[in-house]
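K.L.:
The structure's right below; bear with me while I get my questions together.
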Amino acid sequence: MGNSKPKQQSATYLSSTSTLRHATDRERERDKRTKPAALTKEFQTIDFDTVDTSVLRKYKRVYKIKTRSKNADREELVQAISRHFVNQAVKEADSVTCFLYAIRHRDSVMRLPLNV
């Protein structure tokens, strides 16, 4: 008789964990339906194919991105800029500092030195 209790308890435990798992699966499915697709992704990518060529050339010039040819075509620019953009590391401390500085000094010129 002593052996039947642990089996019943383990069966109860298994059924409760499977119920919890199903509940969380249902919540995830509900969240997918209610939240827009952009919010469910952890990282949102930018489609550089939609950006104007002049903007791509300026981005290339500002960030000194090297391409195979000096006058790269649009496809080569998009590939190089996409690669560069994805590989940029965000410095969270600098981002938060700049944001707080901008909020505090809305009307003044930014005098905070940036280490870019």
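Any Cβ shown, glycine's included, is placed from N, Cα and C.
Found this in TrEMBL, in case it helps:
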- 1-21: compositional bias 'Polar residues' (COMPBIAS)
- 1-36: region 'Disordered' (REGION)
- 22-34: compositional bias 'Basic and acidic residues' (COMPBIAS)
- 52-104: domain 'Histone deacetylase complex subunit SAP30 Sin3 binding' (DOMAIN)
K.L.:
Could you please provide the mean pLDDT value for the domain 'Histone deacetylase complex subunit SAP30 Sin3 binding' (52-104)?
P.N.:
91
K.L.:
Count up the helix, strand and coil residues in the domain 'Histone deacetylase complex subunit SAP30 Sin3 binding' (52-104) according to DSSP, in that order.
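P.N.:
Counts, helix then strand then coil: 36 helix, 0 strand, 17 coil.
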